[in-house]
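Features of the protein shown, as given by TrEMBL:
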{"type": "DOMAIN", "residues": "15-198", "note": "domain 'Thiamine phosphate synthase/TenI'"}
{"type": "BINDING", "residues": "Gln44, Tyr45, Arg46, Glu47, Lys48, Asn79, Ser117, Lys146", "note": "4-amino-2-methyl-5-(diphosphooxymethyl)pyrimidine binding site"}
{"type": "BINDING", "residues": "Asp80, Asp99", "note": "Mg(2+) binding site"}
Amino acid sequence: MARVSANKMRELLKVYFIMGSVNCKRKPADVLEEAIAGGITLFQYREKGAWALTGEEKWRLGKELQAICQKHHIPFIVNDDVDLAIELDADGVHIGQEDEPADLVRKKIGDKILGVSAHTIEEAQKAVVQGADYIGVGPIFSTNTKEDAKKPQGPKLIESMRKQGIDIPIVGIGGINIANAGQVIASGADGISVISAICLADDVKESAAQLKKETM
Ligand code: 3NM
């Protein structure tokens with residue numbers, strides 16, 4: 001397997017749905033099936049927070065959600081847990097600035113997709129050099145989902161990264177919904193990444209479909 005091309009990565013980032021059991025009011029597998037029916041392009045398993053599953057249970061839910069992704073040909077990314085990503089033979093892993101350095105993770109995962117969270121131009125440049133396939137930039141807007149989220153940066157942060165020549169695939173994250181997704185794309189992002197706008201929607205499928213329209 002070769003590394004994913006930048007063009008393919010840009011396509012995959014369009015509607016990047018992130019979810020763990022903590023984010024769901026319903027069965028995660030059902031939410032994921034509906035989100036896929038609505039047209040999400042990439043999925044991240046993020047089992048994090050006070051009530052998150054651990055050990056065997058975390059592995060089992062990951063396996064279940066991965067099988068759903070495989071059935072629909074949606075790449076399955078694991079958040080933070082590089083060992084779990086390797087164990088499950090996931091399609092990739094997403095790491096933050098507090099995790100293992102990206103170049104070490106790249107060595108461990110070979111050609112799998114590597115995403116890195118970046119909050120500044122310097123972090124973005126470093127991620128590029130260390131072998132990231134895409135960067136997640138946020139929080140763009142204020143979010144209640146991530147307890148330790150930084151101050152919202154607005155779409156301007158992505159705009160200034162693009163102006164300074166960062167051309168790696170970028171996905172915006174944090175407080176993104178149907179009403180503001182267009183601004184994120186207009187700022188130069190290739191896609192949007194959401195938890196609550198899909199997970200907590202009354203109609204998950206419809207919400208995913210509407211978000212997708214905003215990225216076209
Ligand atoms: N990372 P919602 S913000 C997982 O800024 C995550 O890096 C962020 O959830 C960052 O779409 C965030 O519900 C939470 O706002 C995104």
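Cβ atoms are placed via backbone N, Cα and C, with glycine included.
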*Output: those binding-site residues from Gln44, Lys48, Ser117 whose CB lies less than 6 Å from an atom of ligand 1, in sequence order; none if no residue fits.*
Ser117
*Euclidean distance between Cα atoms of Asp99 (Mg(2+) binding site) and Asn79 (4-amino-2-methyl-5-(diphosphooxymethyl)pyrimidine binding site), Å*: 10
*Looking only at Gln44, Tyr45, Arg46, Glu47, Lys48, Asn79, Ser117, Lys146, the residues listed as binding 4-amino-2-methyl-5-(diphosphooxymethyl)pyrimidine, what is the longest Cα to Cα distance in Å?*
16
_I'd like to know which of the binding-site residues Arg46, Lys48, Lys146 has the most other Cβ atoms within 10 Å of its Cβ._
Arg46
*Among Tyr45, Glu47, Asn79, Asp99, Ser117, which are binding-site residues, the residue with the most C-beta atoms within 10 angstroms of its C-beta*: Tyr45
*Tally every other Cβ atom lying within 10 Å of the Cβ atom of Gln44 (4-amino-2-methyl-5-(diphosphooxymethyl)pyrimidine binding site).*
24
*Given Asp80 (Mg(2+) binding site) and Arg46 (4-amino-2-methyl-5-(diphosphooxymethyl)pyrimidine binding site), what distance in Å do their CA atoms have, once rounded to a whole number?*
8
*Work out how many Å separate Ser117 (4-amino-2-methyl-5-(diphosphooxymethyl)pyrimidine binding site) and Asp99 (Mg(2+) binding site) at their Cα atoms, rounded off.*
10
*Helix, strand or coil: which one is Tyr45 (4-amino-2-methyl-5-(diphosphooxymethyl)pyrimidine binding site) in, per DSSP?*
strand
